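The structure appears below as structure tokens.
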Amino acid sequence: MKTQGLELETVIDIKHKPVSFTGGLEFESLTYTVTKKKKVDGKWSNEDVDLLHDITGYAPKGCITAVMGPSGAGKSTLLDGLAGRIASGSLKGKVSLDGNSVNASLIKRTSAYIMQEDRLFPMLTVYETLMFAADFRLGPLSAVDKRQRVEKLIEQLGLSSSRNTYIGDEGTRGVSGGERRRVSIGVDIIHGPSLLFLDEPTSGLDSTSALSVIEKLHDIARNGSTVILTIHQPSSRIQLLLDHLIILARGQLMFQGSLKDVGHHLNRMGRKIPKGENPIENLIDVIQEYDQCDFVGVEVLAEFARTGMKPPLLSDMEEIISYTNSIAPSPSPLHRGSKYEEKSQDFSYSSQISRRSLNDEFDHSIRSPYNNTPMSWSASNSAAFLKFTPSRLKNENKVQKPPSHASPGIYTYSSEILPATPTPHSSDYVVDENDYLTPTNSSQEHLGPKFANSYIGETWILMRRNFTNIRRTPELFLSRLMVLTFMGVMMATMFHNPKNTLQGITNRLSFFIFTVCLFFFSSNDAVPAFIQERFIFIRETSHNAYRASCYTIASLITHMPFLALQALAYAAIVWFALELRGPFIYFFLVLFISLLSTNSFVVFVSSIVPNYILGYAAVIAFTALFFLFCGYFLSSEDIPLYWRWMNKVSTMTYPYEGLLMNEYQTNETFGSNDGVSITGFDILKSLHIGTEEIKKRNNVLIMLGWAVLYRILFYIILRFASKNQRS
């Protein structure tokens, strides 16, 4: 096939439509080491363990690359490493996109990562979920264009029949598991990412739903995206849709190539596939045999995949043991963390028994077309590496023919799948082979702004979604409103017409402290909702859907009118029924800011804890501490000096004192003691509460300060700590 004078020979026929394999994601010598504690002879010591060890490979553009292997092989770890979800400095090696080295930030801006769990709002419909995703990701497009894109995507994903169905959850009937997974995929491909990472996309699905999901991913790949997924035990029909396989074991590369190469790979190892047996399952069984062997491990298979050095047959191990016992042992160093570190097996037997020439029988076609040498990714072959990237096609008269690695089977080609967004390494971006290992500023500029919408635009979209969710789940808001209204009526009837006695004063103080406690405990039921929303936030912001600051502000603005209505309902009932003194507006403000403060505290705690059980425990524990030190049981002067600081940090102190000042900053008499009248000022002085008018204003400002502080802490946690990233 000739294209602008260039000869492109590496193509795959999809219903007789050639698709070039030029370009893709390449990775070199990826190593990820973690430190684990190990107990030896009763003592704990640190041990370095390689979760990934010197993995080099590639994922062709326009293809589905499946990462497979036994449990604990490092599949998800490799996926996280390629997707930039491992903290900077922890992962060693290079990742290149179309011949240019890229960092984690650049990968996130050109890719989408679909988690194994479907994190979606249950009370949004399929259309609304995808429409909000379009609003976040396709900012510059008009509303009409966004709707058209969403409608087209719904049709392509086979979701037309469930377009207006709620996503649903355990308590709400919604779409099926397969449809939910396709919605998750749609949310992350609405903007046409060049790279698509999926962690176990078929997990928990029946065979039909799993096949449907992979078919949609196949169509997405055929339109120019690089699709990389982890998968466990795919069916034979799904295997036919997988173009490129990467098989791992204990963090090492065991095999790389197409499905048809698996049998050839096993034959070169001296293993034959039994008739009718699945080649992939047979290879994984062989890997596990070596892994469970007491004398050799999967390292010999990794060496075979890397250099072509044939591993020993396990049936010949008696001969090998006899031979190695006749010579001085010199154990081969194994990578850190392997369970075979203490084995004394001498792998030099390979040179005597089963060493093969690297070029005689080893088929290097299973390797990346960008690297045709037996050694991995040396600087000397960087020029050859770049010849197969789109940016080099303009300058080469002829492209070398990479080995064929077409997948078997006939596929259905869909020309209407949304095209991938251009990567920063498209054909108009020329790369110098001398500096391709360092991402340039121009590649960053080529991508445009980091976020699709303006600050105000993001906040408005988030507010609209929040209001929609609140409208669909009125029980959370209405339950609090009903509780506060009911308790207001109860308090009004219980504390009506207090007597002008010391007991009457005590009763009125009890009313105020109960009111404060009621408002502080009323938001505890929101912990599960905030934790669920946090997981969705992590998924959406991992690839720059919106800013954490916009999310924080939108959440605050959305809840303010509902909190104000709750405070107003309670204040209006008890104020007039109990004939309270002082300005009504101040009484309302204290209650409203109390709700605002406790709401901010709850969302802050929810951003830290891993689950709602710990969230409930933490919120209740801290609220109890605030209650203990608010000044009701012991005045601020009577609290021991070493605990007095708790009175200042207790967020209940200020609304409690504020309500008392609003009621008792007066010379009116509220009772007598031994014939001496007790005025409102006397009550405040006995409780060591200020009698100045300015103290009322200061208390409100301090309460606002606590609410703002908790929101700032909430933002900091979201911005810097709530990242779905390995350390």
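Including glycine, each Cβ sits where the backbone N, Cα and C put it.
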Membrane-side pairing of ASN507 with VAL605, Swiss-Prot annotation: no
Feature N-linked glycosylation site, as given in Swiss-Prot - residue among ASN371, ASN667: ASN667
Recorded stretches the transmembrane segment (613-633) and the transmembrane segment (476-496) touching, at least 3 CB pairs under 8 Å: no
Intrachain residues whose Cβ lies under 8 Å of the topological domain 'Extracellular' (497-510), provided they are six or more past its termini: 578, 632, 660, 663, 669-673, 678, 683
Surrounding CB atoms that lie within 10 Å of the CB of PRO70 (ATP binding site), all protein chains: 19
Stretch among 476-496, 511-531, 700-720 sharing the most Cβ pairs under 8 Å with the transmembrane segment (584-604): 700-720
For the ATP site built from GLY69, PRO70, SER71, GLY72, ALA73, GLY74, LYS75, SER76, further residues of that chain with CB within 8 A of the site's CB center: LEU248, ALA249
Averaged pLDDT score, the topological domain 'Cytoplasmic' (532-559): 90
Folded-back contacts onto the topological domain 'Cytoplasmic' (605-612), same chain, C-beta under 8 angstroms, at least six residues removed: 526-528, 530-531, 534, 618-619, 622, 714, 717-718, 721-722
